[in-house]
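Notes to accompany the following structure.
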Amino acid sequence: MDSASAAPRHADEAPGRLRRAETVLQHRTSRLVLVLEQCMDSHNHQAVLRTAEALGVQHVWLIAANSQQLKTHSDPKKGKTSSSSKKSSSGKKITKNCALWLTVREFSSIAACLEALRASEMTIWATDLSPQAEPLVINNKPTELPSRLALVIGRETDGVSVEMLRAAHRRVYLPLFGFSESLNLSVATALVLQRLLDWFPHIRGDLDEHEKCELREKWYSQLINTPTQAAQAERWTSGRVPICPLTDLRREKNDAWIPKSVRRRERDMLEVRERLGKRKQSDDGQAHSKVVAKSEEVTRTVGG
């Protein structure tokens, strides 16, 4: 029996990519849902999704910008939509990479999202800079996090909408102590999420087994690239031995991740430098030979 078909015996024998996926699952939370409201800039949009995924937030809800907002965001002189708004809002073009690992739900309007939030019996916290907002500081730390919390992040230009603020159970903000009056959307999102997760670390790993199974199936399809890997995954997912999570998700210090395109470019540049070096050596050798030959010719002429 070969290694690909042998029954798994120990939890730490699972392939590294499956152990990594299991580690991520152990730190995911479904209790905290991130709601991104009508983001206009595609780079901010992608950065927020990446931030949520990296910090362990599994569920992200996206509210698309309406036509009037897109019109306002367009170039008034040329009558054309700016490059950022062309790629903005909650389109598949933006979310396709992060959506591989996240559970993304999209809404065409604020009203539709609010209806879903209420149906899910979520408590709504909206980020806001008005005097009514409460600072997220240690001496104002909530005693407990709501059983289902929706954290709403607003647009870059004017923040959370009036409609969403009226529906919010709580308005929160992070105090700033510099001359800058605001933070980049993804930076602000990261700070708020990290603060809540640091205050309430027990919400990590609260996914139920049904959701974990669904995510394993979804993630494994992205992590498996070869028939051998597929056979390995099948052995572990169908076996009785659980997959042992990793103790640390960081890569080894000497195993820095470099994109394949960069590796190819570096390899090509190295080959070019080697060819140029060999050519220079050859040219130098030929030039030296010519000098020696010329010197010998002069010597013979003088001697004659």
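Backbone N, Cα and C atoms are what each Cβ position is placed from, and that goes for glycine too.
Just so you know, TrEMBL annotations are computer predictions that nobody has curated.
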TrEMBL lists region 'Disordered' for one of the ranges 1-20, 41-60, 141-160, 241-260; which is that range?
1-20
Averaged over the domain 'tRNA/rRNA methyltransferase SpoU type' (32-193), what pLDDT does the predicted model reach?
84
